[in-house]
Amino acid sequence: MAGIEVSALHKRYPDGTVAVDHVDLSIRDGELFVMLGPSGCGKTTTLRAIAGLERQTTGNIRIGDTLVDDLPPADRDIAMVFQFYALYPHLRTRDNLAFPLRAEGLPKAEVRKRVDEAAGLMRLGPLLDRRPHRLSGGEQQRVALARALVRRPRAFLMDEPLTNLDAELRADMRTEIKHLQGELGTTMVYVTHDQVEAMSLGHRIAILNKGRVEQIGTPLEVYDRPASLFCAAFIGSPPMNLIEVEVADGKLRSQGGLALTPPPGLPRDRRLVAGVRPEALEVTEPGAERSVPARVVSAEWLGDEIIYVVDHDGQRDVRVRMPPTVRFTADAPVGLRHTGGPPPVYDVSTEELVA
Amino acid sequence: MALSVDEAVSTGPAGDHTPPSRRFGGRGRAVLEVALLTVLAVVMLFPVLWMIETSIKENRDVYAIPAKFFDFKVTMEHFKDVFVASGGGRSTLSASFLNSVLVAGVSTALATVLGVPAAWAYSRFAVKAKKDQLFFILSTRFMPPVVVVIPIFLMYRQVGLIDTKLGLILIYTAFNVPFTIWMMKGFVDEVPAEYEDAAMLDGYTRLQAFRRFTLPLLLPGIAATAVFALIFSWNEFVFAIFLTSSDDVRTAPPAIAGLIGGTTVDWGLVAAASVVFALPVLVFAYLVRKHLVAGVTLGAVRR
């Protein structure tokens, strides 16, 4: 087991595309570290560089104490799980599992012992004599995980392993992976574009955009205080409302007069945007205390909650999360007020968190 | 050709699946379709049938007026003449057939050996100006080959490749490599790159990973591509007739064509030689018919 250090990673392809601009990561030993970002943000390239499947243009990668820049993938002592599982189609499950061990040249008895162990852990007993095409997607992915396990590698690399599964199975496998990682305590780097997966799995999350790291933090840190406007718009469903605000008399107000709890240390003389979570707002009867007049544009009835989309002076499409008991019809005049603590505030020009 | 007719005819019964309300119209249409296709098939297949008939008729019957369709004497003399010279020993035609086998076989093998790894590389790696390179490769097939036959003739004369089997092999390979690259790239794209990635993590080099995991999955595609290349090289006439002249170098197409044009034409021999010439391609096409369809519908295959 080992931590992984990525420093000043830069990857430029021969055709000129810059996949990774500048990435520094310090992944701790035993950590489940998630790289999250939209497609093309460089997360998969970073992972493949760690695996040794891509050679970075500049920058260093260390696994444990070893500088692995010039090592081929096989010598890095890592295992990878792919989006398309990559089970060898002509081999039965048993042989798929044994394959990396035989490639290493382990004695037969040891191979059998480890295969049985991994098969037991992933409950693959009845599937051992089948070939991949006779396995369902979920079963194939369990075999792929088991194949990563048998190696007892220093780290697991997961490249969107659940993307091809249906929603229900994805939730099950998520739990399974998290449990497994906790049991084994092996470092795991997990790449996904699905924020729910990232939030529920990760000890820490790195949010990547355009080949750069926007933020690294625990799921709660990332949710509560997104480090940039990009993160603010990316995390959360629905995402944060980005409301233009002004500082006046020590108060934070939107153009429409909505009063927000001001965080300390607000800079003046800059254009600011506050990131307000839908659950930090409240739709009220019109004219309620501290509320500003607004109008309901639409309501999404989700059963356990209602997402109201409201317009208020100078600010369109503000999303508000309300319990299902509070009901307003579309077009109804309502009040809108802020109930949460101080929101993160961003500078419009630098797009960075300022308070 | 026979294949496409078979398939087209089978759409006839499919017309019966139309809903009952439109049944009459559906059936009428089906009958019309079958009738049209039958006419078409007769028109297309008659020359083939006539070729086969002529090849087994005695010369007397070949020239008979009015033509004899059924009541002729069957003989295998013409087929014997294809392979055996009149004075005994091997005929020049049989030598041409051997040349055809050699030239088509070697050029196809070369094109496959060169084209498949190239297709793999274009599919897997980020190559500088990849699209331009691929376009350039394809552009060599834009014009009809006959356009370049004179320049090639002059070049070949300079380097001494005129009237050699090697010359034909090289030119056929040059025409087949772009085709092989383009067709195989489609097949390689269909094979997830993850197999190779996984194998590399398991301790193989990239080339080993390609050979052990990707190549076996590509075999059907390679077979289909090779058959197309083989058919091209086997049927090629223009270059063969321009670039070769002596009997021991000539391939079958110009050799058969050379049978016509004397004072008398031995049509029986021409027909028999044509039948022998057409058979291998038909057999090959039949063997790989599924893959040929796969090759034509490339990209429509789900991943």
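Every residue, even glycine, has its Cβ placed from backbone N, Cα and C.
Annotated in TrEMBL:
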- B:97-288: domain 'ABC transmembrane type-1' (DOMAIN)
- B:1-22: region 'Disordered' (REGION)
- B:30-52: transmembrane segment (TRANSMEM)
- B:101-122: transmembrane segment (TRANSMEM)
- B:134-154: transmembrane segment (TRANSMEM)
- B:166-184: transmembrane segment (TRANSMEM)
- B:213-234: transmembrane segment (TRANSMEM)
- B:267-288: transmembrane segment (TRANSMEM)
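In this chain, the transmembrane segment (B:166-184) lies out of contact with the transmembrane segment (B:267-288); the count of Cβ pairs under 8 Å, excluding pairs fewer than 6 apart in sequence, is fewer than 3. Listed stretches B:30-52, B:134-154, B:166-184, B:213-234 were compared with the transmembrane segment (B:101-122); the greatest number of C-beta pairs under 8 angstroms is found for B:166-184. Sequence-distant neighbours of the transmembrane segment (B:213-234) (same chain, 6+ residues past either end, Cβ-Cβ under 8 Å): 100, 103-105, 107-108, 111-112, 115-116, 120, 172, 175-176, 179-180, 183-184, 186-188, 190-191, 195-196, 199, 280-281, 284-285, 288, 291-292, 294-295. Residues 103-104, 106-108, 110-112, 114-116, 118-120, 122, 134, 137-138, 140-141, 145, 152, 156, 218, 221-222, 224-225, 228-229, 232-233, 236, 239-240, 243-244, 249, 251, 295, 298 of the same chain, all 6+ positions outside the transmembrane segment (B:166-184), place their C-beta atoms under 8 angstroms from a C-beta of that stretch.
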